[in-house]
Amino acid sequence: MTRKLFGTDGVRGTANTHPMTAEMALRLGAAAGRYFRPVGAGSPRVVIGKDTRLSGYMLENALTAGLTSTGMNVLLLGPVPTPAVGFLTRSMRAALGVMISASHNPHEDNGIKFFGPDGFKLSDEAEAEIEAILAGEIQPAQPGNIGRAKRIEDGRGRYQEYCKTTFPSGLRLDGLKVVIDCANGAAYRAAPEVLWELGAEVIPVGVEPNGKNINLRCGSTHPQAAGEAVRAHGADVGICLDGDADRVIILDETGKEADGDQIMALFAARWADEGRLRDGTLVATVMSNLGLERFLGARGLRLERTPVGDRYVVEAMRRGGWNLGGEQSGHIVMTDFATTGDGLLAGLQFLAAMAQTGRRASDLARSFETVPQLLQNVRYAAGQEPLKAPGVQAVIRDAEVRLNGAGRLLIRKSGTEPLIRVMAECEDEALLRDVVEEIVAAVRDAA
């Protein structure tokens, strides 16, 4: 059974355009409700969280209508980070968790992703089954079995208290000046409060959401504002989250960025030294830098690569019994603490390393030298398949021959946008540029 509606991170699109319409959200809620509440079952509960996008109100109400129509009882969390939904689904014994967010995308976009009762994102197979239900006639509940919906006020507080329990016992952040950029998104209240309660001097950025400014010139995809704040306030470190707070970028005391690869390298090395890194293995995607793989290998550790998408990282971690993984983009997954990427928890672990070692952020955030990497995106029109064009395939084969033994080439379709991503790594930067430019030109011609 294949998926057509779901991408690598749920269902996404432009708000009020298929598939992100109120009508589709209602039907999707009903299909998910029927999947998680078979006909004749009791009245299981579902938690729904959202980020701060304007369209979140519309989709929240439509999903609620669909879910209650099949007999699900809905608990509305309001704006909370994506990982909070995973946590609260388990904590509140819900049969289903739903997050309304398009993560790092602009406010015009939105998305819907589902979590199972274990707090993990649904498998491809489960999503395909929901799509199959969606394609048919969805049987509603009997009038007396329609679900109820209510807003709960303590969901965010529960998550914040849990976050603090993941911080080393007895350790405090007193004396640390921390810039936290919440991208005008879901963590705009949770993240600053947790840091302050742990003792940090907090300088908040991106904490004034208005429905249209999520990820706008702020957050993990635009860390310049946080970098300016770090320098202006003489902060020790900056933590940049994205709109739903499931990814993080660290800024050192000069405002220089450290991506997910550098964060994972630090955690892997520390956890290995402490005997906490299971089987000496870190799980990361095919996008992670070759330098990370070499760094781990030099320490007798192993890198397990997966397809792009934090859900595939998590699936590999669960299969292998590993407890640390993530993506270069800043999804850091620590299954000892969470069921999905959690930017705030990863930020806390970085701060713990600073507090325990007394070292500067710049010393901790540069574990390895990256191999030069070049990534370019090429947009294509709906219905086109540029990677199947003979001319494109010929250029790719030639590039693979030229890079053989000297670097790495990765070309893939985005799972969330109509983009072809062309990425290459090579110590020879001239060869690197030539290879990427030739492939990009061929893809553009075919698109």
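Every residue, even glycine, has its Cβ placed from backbone N, Cα and C.
Now, the feature entries from Swiss-Prot:
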- Ser103, Asp242, Asp244, Asp246: Mg(2+) binding site (BINDING)
- Ser103: active site, phosphoserine intermediate (ACT_SITE)
- Ser103: phosphoserine (MOD_RES)
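A map of Swiss-Prot features onto the structure.
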residue	record	Cβ within 10 Å
Ser103	Mg(2+) binding site	32
Asp242	Mg(2+) binding site	34
Asp244	Mg(2+) binding site	36
Asp246	Mg(2+) binding site	33
- Message: Name them in sequence order: residues not among Ser103, Asp242, Asp244, Asp246 whose Cβ is within 8 Å of the mean position of the Cβ atoms defining the Mg(2+) site.
- Response: Asp51, Pro81, Thr82, Ser101, His104, Gly185, Ala186, Leu241, Gly243, Ala245, Arg247, Gly341, Gly343
